[in-house]
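Trainee: Got these off TrEMBL a minute ago, pasting:
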type     : residues : note
SIGNAL   : 1-22     : signal peptide
ACT_SITE : D167     : active site, charge relay system
REGION   : 177-207  : region 'Disordered'
COMPBIAS : 179-193  : compositional bias 'Polar residues'
COMPBIAS : 196-207  : compositional bias 'Basic and acidic residues'
ACT_SITE : H208     : active site, charge relay system
ACT_SITE : S386     : active site, charge relay system
DOMAIN   : 460-603  : domain 'P/Homo B'
Amino acid sequence: MASSPFPLFTALLFLTSPPLLSFFILEPPTPPPSCEPGRSWVVQLSHNSEPHESSLDELAERVALEAGLESHGQIGQLHGHYLLCHVAGEDENAPGAGRTLDAHPHVVWHKQENILRRSKRSLVFNDPKYPSQWHLHNDVRLGMDINVTGVWERNITGAGVTVVVVDDGLQHTLEDIQPNYSPEGSYDLNSNDPDPMPHLDSHSDNHHGTRCAGEIAAVPNNSFCAVGVAYGSKVAGIRVLDGPLTDSMEAVAFNKHYQVNDVYSCSWGPDDDGRTVDGPHPLGQAALQHGVAAGRKGFGSIFVVASGNGGLYNDNCNYDGYANSIYTVTVGAVDENGKMPFYAEECASMLAVTFSSGGRQLRSIVTSDWSLQHGTGCTEGHTGTSAAAPLAAGMVALMLQVRPCLTWRDVQHIITYTATQYDTDVDWETNGAGFHHSHKHGFGLLNAWRLVNTAKVWETVPVLASYHSPVLREGEIIPAFPKKLILSWNVTAVDLKQSGIKTLEHVAVTVTITHPRRGNVETVLVCPSGMTSLIGAKRALDTDTTGFTDWTFSTVRCWGEQAVGQYSLHVTDHIFSSPSGEDSFSLGTLKRWKLTLYGSEMSFQEVLDRKRLVEESMSGQFLNSNFSIPCPPGLDIPPEVEIPFTFNTLKILLLLGCFALCCSLYYMLELMLPHLHGPGRGASAAKDGQFLEMQPDIDLEAKTPLIGNDDDT
Ligand SMILES: [Ca+2]
Ligand SMILES: [Ca+2]
Ligand SMILES: [Ca+2]
């Protein structure tokens with residue numbers, strides 16, 4: 001007795017067809033809310049003193065009929081206001097309608113409508129490669145971009161902020177760079193002159209800095225190439241990578257023009273070969289520390305560093321002292337699918353990730369390029385974490401526009417609070433303060449909208465406080481995996497009272513370990529909350545036999561957690577089998593270690609309150625309004641110490657000095673030779689004497705004009 005569902009289905013279809021619906025609902029069809037373009041009148045009607053025997057709707061019908069128009073009903077929620085349209089086929093310029101409405105006793109006011117010119121607040125750029133800049137607006141994989149267009153629509157483009165690219169030079173004459181170029185923030189440390197123009201090289205390789213600068217501040221709407229993340233900011237260049245680099249050069253670079261440059265974008269680091277343990281040397285470290293203390297009028301230079309491209313070699317950015325430093329914002333990369341690319345490195349000190357290239361089938365970063373040698377001025381092939389760090393630097397510039405007094409720590413906090421979790425396949429862990437972190441992705445994807453909205457409402461965090469444990473001398477053997485050496489240090493409330501730390505930011509561990517094969521050692525830090533950080537990952541290629549000497553690992557994974565409690569270090573030895581088998585006897589020793597906590601007196605409750613405030617700001621309400629938190633004026637920083645003369649001027653000085661010396665010697669010899677009886681002792685005595693007396697004179701003559709020249713340049 002099963003009946004076919006067909007009759008029921010047909011009946012439903014029949015009943016739900018629009019004409020029938022209107023029949024059953026018994027309502028007249030609503031007229032469309034607009035007329036054809038240019039064929040509408042708006043009228044305001046009133047019953048005047050007449051008794052309200054008819055509704056306004058009926059009155060509108062009547063008035064429309066009298067004027068040769070048809071009523072399309074009340075305009076929105078405006079009582080008494082009606083839209084009347086010309087009947088299809090009739091001339092909208094015929095004068096009849098206007099005259100009738102003029103004279104009509106129930107028409108209070110009327111007007112024939114004009115077409116209003118309104119442009120959408122979405123941005124249109126004429127830059128030919130803008131449509132390909134997926135990292136700015138991904139139309140293929142929605143959401144896989146830095147979410148910046150809404151920020152631009154509110155006129156936040158990095159205005160008033162300068163980002164400096166510390167790299168192999170900057171072709172500032174390029175159309176996409178020149179209008180935003182800051183010569184005041186620029187310098188060339190390779191040639192010691194103020195012009196960071198890249199030099200030609202045998203492989204046409206010195207395009208790197210220009211590409212990074214384009215990502216940050218490429219000029220929009222110039223019909224040329226691309227658009228930068230912070231296209232309203234200024235971009236400077238420090239040329240330092242095109243030649244031998246020394247600790248002192250690095251130190252100069254990190255503080256160069258640090259009252260002009262706000263953000264330092266550094267897309268470079270130690271070798272990513274999976275066997276190097278290196279970072280800034282003493283002067284570089286001191287310059288980073290000085291930069292955050294005195295740069296930007298004391299609010300602190302923002303150092304953005306790339307996490308490194310050693311993924312293929314199992315490298316890890318905890319072995320890169322720039323990435324490990326508490327003074328830097330360490331940025332890793334994800335590809336267009338939001339996945340960690342093959343080249344990227346992971347570490348516990350990574351703050352966040354942003355977009356870059358991936359596998360062959362995935363798109364790379366489109367940006368300006370140098371136009372020298374093989375360069376065309378534009379490229380679709382900028383890759384690696386090198387391309388990620390400048391995007392982050394550009395986003396920081398957007399934050400600094402809305403709140404110029406954000407400190408270097410505020411920027412790190414805001415990144416921590418706003419980065420978003422994407423790839424669910426990786427090792428996300430939520431810490432004791434509710435922040436999610438992965439060694440592969442840091443706190444997650446940088447999101448310009450979230451960063452800028454938070455920056456706008458962010459109150460500066462309390463001053464940095466630190467706690468240092470004593471140096472803990474252990475001398476313990478590191479056992480082979482799965483056994484491990486566990487060392488603990490308890491930080492009491494009394495210990496912390498002195499430092500004032502309540503909640504954590506970075507946690508650092510300095511270790512000295514001897515080991516015949518360094519890459520075997522794996523070190524994990526456990527915070528009081530139980531949050532683990534793999535601060536020292538094993539590395540198959542690291543065969544170094546010297547171990548670690550006072551190497552400092554750091555982690556951001558305990559950010560926001562309460563500082564008090566027991567910290568543990570777990571060290572184990574992953575013995576890699578080698579053909580000779582000798583490694584199976586390779587036992588190392590942990591000689592000493594030290595724990596350093598960084599944080600502030602911010603209470604745990606305040607961390608939670610700030611998290612709530614951040615989410616409340618996401619509607620954009622604070623960006624839209626004139627809302628602002630007052631900024632303190634900043635410190636009076638003494639002017640930069642300029643080197644009186646550069647190596648180049650010294651070289652010229654020396655050459656001129658030598659030339660003058662030779663001339664004088666020749667002249668002297670000519671004068672003296674006729675008076676000498678022989679070429680022996682007398683000549684050399686005279687030579688020595690003249691040399692000593694003449695040198696100051698020659699120097700004085702030569703220096704004066706040269707110093708003058710140098711000052712002029
Ligand atoms: Ca130069
Ligand atoms: Ca452009
Ligand atoms: Ca590396």
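Using the three backbone atoms N, Cα and C, a Cβ is placed for every residue, glycine included.
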Trainee: Residue counts in helix (H, G, I), strand (E, B) and coil for the region 'Disordered' (177-207), per DSSP?
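Mentor: DSSP classes over the region 'Disordered' (177-207) add up to 6 helix, 4 strand, 21 coil.
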Trainee: Rounded to a whole angstrom, what is the C-alpha distance between S386 (active site, charge relay system) and D167 (active site, charge relay system)?
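Mentor: Counting only the Cα atoms, the answer is 10 Å.
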Trainee: Where does S386 (active site, charge relay system) sit in DSSP terms: helix, strand, or coil?
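Mentor: In three-state terms, S386 (active site, charge relay system) counts as helix.
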Trainee: Which of the three DSSP-derived classes (helix, strand, coil) applies to H208 (active site, charge relay system)?
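Mentor: Looking at the DSSP assignment, H208 (active site, charge relay system) belongs to a helix.
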Trainee: Quick one: Cα separation, H208 (active site, charge relay system) versus D167 (active site, charge relay system), in Å?
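Mentor: Cα-Cα, rounded: 7 Å.
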Trainee: Where ligand 2 binds, which of the active-site residues D167, H208, S386 are close by, with Cβ under 6 Å?
Mentor: none
Trainee: If I take every residue in the domain 'P/Homo B' (460-603) and average their pLDDT values, what number comes out?
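Mentor: Reported value for the domain 'P/Homo B' (460-603) is a mean pLDDT of 93.
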Trainee: In sequence order, which same-chain residues at least six apart have a C-beta under 8 angstroms from D167 (active site, charge relay system)?
Mentor: H208, G209, C212, G237, I238, R239, V240, L241, S265, C266, S267, W268
Trainee: For a three-state summary based on DSSP, what are the helix, strand and coil counts in the domain 'P/Homo B' (460-603)?
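Mentor: Across the domain 'P/Homo B' (460-603), DSSP assigns the residues as follows: 14 helix, 71 strand, 59 coil.
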